[in-house]
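Beneath this line is the structure, given in structure tokens, with notes to follow.
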Amino acid sequence: MNDSLRANPAVAVDVSCHGQAPDAPAAGGGRPIFLVGMMGAGKTTIGRHLAKALNREFVDLDLALESRCGVPVAVIFEIEGEEGFRRRESQLLDQYSQQQGIVLATGGGAVLAEQNRGMLKERGVVVYLRATSEELYQRVARDRQRPLLQTDDPRARVAQLLAQREPLYEEVATLAFDTGSTPISQAVQDLVALLEQHEHAR
Ligand SMILES: Nc1ncnc2c1ncn2[C@@H]1O[C@H](COP(=O)(O)OP(=O)(O)O)[C@@H](O)[C@H]1O
Ligand SMILES: O=C(O)C1=C[C@@H](OP(=O)(O)O)[C@@H](O)[C@H](O)C1
Ligand SMILES: [Mg+2]
């Protein structure tokens, strides 16, 4: 734990953490592709496969934050609250969204800040991975890693967050893609085709 987050919460608000900054933006490589959507939409899973299929580097914002801070996202929430987490998330998004040629999986709440939405819209192609509330819930119900769902009624929480965030995902989206009943491998193939179509139409 290089950030002493748990050992000494008083120093935990060092927003920079101590990990490495992202590499300098690669020359060329195309505009970054940003995946947005709710928890359980498949941003992390599909993003990793999509990057491979497109021969791009994959970055997951939560994993990048965890690796920089040396603690899981849940611990950042525990110690700094959602506000502290969002501050770190915005800072990292600002850095990675300038990196050309990557596929970037954001966290589900990255669209909440207006400043983040601006970065996403201006800097890359934004794909909204969509699924119904029930599909999302089924995918994340047993997962202990998502602090916002550690409530008495996670199903209702997913529904409430989706209702609040859907307009924000739609606001930033260049393209939307339904992941509901599509197996992951098929979703990746379809997304590659959708992105190619989009590039040709530009
Ligand atoms: N299209 C899909 N169909 C079925 N399960 C999926 C699909 N996409 C993701 N999953 C599963 O849902 C869970 C959450 O996916 P994850 O990629 O972590 O979503 P996110 O990063 O958007 O929160 C994982 O167990 C993953 O395997
Ligand atoms: O929806 C959210 O606010 C969050 C989603 C999570 O990422 P995933 O969407 O990848 O699960 C993670 O960033 C954090 O737990 C908060
Ligand atoms: Mg994820």
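Positions of Cβ are set from backbone N, Cα and C atoms, glycine also.
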Recorded substrate site member, picked from Asp62, Asp190, that accompanies Arg86, Gly108, Arg165 in TrEMBL: Asp62
Given TrEMBL lists Gly40, Ala41, Gly42, Lys43, Thr44, Thr45 for ATP, the same-site residue among Arg146, Arg155, Arg157: Arg146
Binding-site residues compared (Gly40, Lys43, Gly108, Arg165) - the one with the fewest other Cβ atoms within 10 Å: Arg165
Binding-site residues close to ligand 2 - of Ala41, Gly42, Lys43, Arg86, Gly108, only those whose C-beta is under 6 Å away: Lys43, Gly108
By Cα-Cα distance, the member of binding-site residues Asp62, Arg86, Gly108, Arg165 nearest Lys43 (ATP binding site): Gly108
